[in-house]
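Participant: Provided herewith is a single structure, encoded as structure tokens, for subsequent inquiry.
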Amino acid sequence: DYDDPLPTQKPTNGVSGGYLLGAGRADCTGPVAEIPLMGYANPDQVGGGLLTRLYSRAFIVAEPNSSKRVVFVSIDIGMVSQRLRLEVLKKLKSKYGELYRQDNVILSGTHTHSGPGGYFQYTLFWFTSKGLIKPSLDAIVKGIVKSIDIAHQNLKRGRLFINRGTVENSQINRSPYSYLQNPAYEKSRYSSNTDKEMVILKMVDENGHDLGLISWFAVHPVSMNNTNRLVNSDNVGYASLLFEQEKNKGMLTGEGSFVAAFASSNLGDVSPNTKGPFCVNTGESCDNPQSTCPVGGAAMCMAMGPGTDMFDSTRIIGQNIYSKAKELYANASQEITGPLSSAHQWVNMSDVQVELNATHTVKTCKPALGYSFAAGTIDGVGAFNFTQGSVEGDPFWDQIRDQLLGQPSNETKACHEPKPVLFSTGEMTWPHPWHPDIVDVQIATIGSLAIVAVPGEFTTMSGRRLREAVKSEFDSHGTAGMDVVIAGLCNVYTHYITTYEEYQVQRYEAASTIYGPHTLSAYLQLYRGLARAIATNTVQDLPSGPEPPFFNITNFTLVPAVTSDRTPVNKTFGDVLQEVRQHYRVGEVAKVTFVSANPRNSAENMTEHNFLTVETYVNGSGEWQVVRNDASWDTRFYWTKGSLGRSNATIEWHIPNDTEPGTYRIRYFGHSKKTGTTLMPINPFEGVSSTFEITSL
């Protein structure tokens, strides 16, 4: 009976003790080959295999005796796009009616830069991800909805606990020169130029059994750099896998009921590449306002992670984040109780009047990107040697831009000062608008926890100002002591949000603050309004704002269609081309290459597909037991396209030190496509390596 409060709790605020809690995880990987990866804005960085699967992780908190609910979903993707959110909400409405809506569902991207792109409706994003790619969009929509379905089905009586702690050695500020522009009195209140605090939410059922964890921590998932071609969830995704494996003992990666999300926060200027920026050609530091090198300019300035390579750096940073979360989870004792609430508005961000004080009003601008946007960052440099910190344009590039895309209006140029406008995206509408005008602002509260869902990447100081504004708004309306967390990359992508002071020096993050110098002030005003409405119980009076457009594009892409797969002469799909060795020691890499077919066949025709298994021979039963799948951190699936429809798949298993000695084999599963036939156009096949022995060191 859901109406009995838990014996250990007294009812608070009219809500009988405890909540209904549900957690769910679902695969949202999509096509792992030939689709540009979303994050570094490099169209040449195209998927070519799989390191770890991408998941949508959903958490539902419900009041036991009312229909009030809050849904938080963290998804292993670069960011949530407006198109993605609109499609998910449409599906939820047809399934659940008014239960899950735009105000109480938060969709947040982890910001991995190694997931497939192509799920955007605004034109700018088509350039780097080669259009709107339906299989990519559909896989994410399906995964998100399925994770919410599972959480919904799993709802049970439970309790929530919050904890917070400091994570060391896992981040640096990648634009310290920008941060220094903030007022001295403000900087003096903080010991660091990044937010080192992790906030975790622990979910248990009424018997104290573990259900799930959400962690919010500010760090860019860019330990995997822009040379990577394997789809993966980067450092925060690795932390999720570690936590889930710890709690789902004996299960394969991606299986088991415990769900651990490591969600994004105000990570705008925060890099995991803790060694800092160095000139890759000379080895000297390039930690200067322009991030440039004496020889080779900005293109040579790159930040390095703590590991021996990008895989190792991902592992180290992920392990750090996981270890702190594990400790905070184990010791979480502050219980969260109280009612649920949520508030949401759509806002035309290109035209917000902001009252700075009683006498001074400013406004936001139509979206535009500055010169330093093209420079990229020390985590992934741009093209053509643009530099960060450009406060002047360049006649050469201006002229090319004017010819190809049209000139920015004087109004836009003036509004964005001191940003030199490179792309006036708010004035570019062919074939559809290049950037959103209509943006979501949203806050959900669970008792004393306020989750502020932001549509982009707030810098460290921007995030601090936002948390403070929301907290003080709650305080002044009688709801003191709220824990405020920022959930990043939610609902629609609008690039970066810097402070007004950081904006003046126009490094990458400022050049990518698309609504102009007063963007942050506008958001502070808007989120204060949401907090006030929740605190004073007047959410129903908030105007919902102008609805975002839904462009009628289903599939518009430069990614070539999948052609017929072919095999070499006298070979069939799944045949071994290069065999494993007969013996390996732990710590070595077992490797096998198969005749393969395009992995897109599998993604586009199967909802969930596993490309590989590692299996061990169980002596007693004479059966093979699966010990690894393609979601496992220590397996890698590489796909190499040849000519005339031929291709190879290479599977690596980086044998962990704790592997049991014994007999093993690697299996590969694929789908081949035959065009020109309607009978069996897609055929499953498999391949298997020879057996090999593993011995300990």
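A Cβ is built for glycine as well, from the same backbone N, Cα and C atoms used for every other residue.
Caution: TrEMBL annotation is automatic and unverified by curators.
Marked as domain 'Neutral/alkaline non-lysosomal ceramidase N-terminal' by TrEMBL: 19-525. Positions annotated as Zn(2+) binding site by TrEMBL: His111, His220, Glu457, Tyr496. The annotation active site, nucleophile is assigned in TrEMBL to Ser271. Per TrEMBL, the feature domain 'Neutral/alkaline non-lysosomal ceramidase C-terminal' maps to 528-694.
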Participant: Using Cα coordinates, what distance in whole Å links Glu457 (Zn(2+) binding site) and Ser271 (active site, nucleophile)?
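Facilitator: With distance taken Cα to Cα, Ser271 (active site, nucleophile) is 12 Å from Glu457 (Zn(2+) binding site).
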Participant: Take the C-alpha atoms of His111 (Zn(2+) binding site) and Ser271 (active site, nucleophile) and report the distance between them in angstrom, rounded.
Facilitator: 12
Participant: List, in sequence order, the same-chain residues at least six positions removed whose CB sits under 8 Å from that of Tyr496 (Zn(2+) binding site)?
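Facilitator: Tyr496 (Zn(2+) binding site) has long-range Cβ partners Gly268, Gly456, Glu457, Phe458, Thr459, Tyr508, Glu509, Ala510, Ser512, Thr513, Ile514.
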Participant: Ser271 (active site, nucleophile) to His220 (Zn(2+) binding site): how many Å between their Cα atoms?
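Facilitator: Answer for this pair: 5 Å between alpha carbons.
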Participant: Can you give me the same-chain residues 6 or more apart in sequence from His220 (Zn(2+) binding site) with a CB-CB distance under 8 Å?
Facilitator: His111, His113, Arg174, Leu267, Val270, Ser271, Pro272, Asp379
Participant: Would you count the other CB atoms within 10 A of the CB of His111 (Zn(2+) binding site), including those on all shown protein chains?
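Facilitator: Neighbour count, Cβ to Cβ under the 10 Å cut-off: 25.
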Participant: Which one of these recorded positions has the most other Cβ atoms within 10 Å of its own Cβ: Ser271, Glu457?
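Facilitator: Output for this query is Glu457.
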Participant: Around the Zn(2+) site formed by His111, His220, Glu457, Tyr496, which additional residues qualify by having Cβ within 8 Å of the site's Cβ center?
Facilitator: Ser264, Leu267, Gly268, Val270, Gly456, Gly488, Leu489
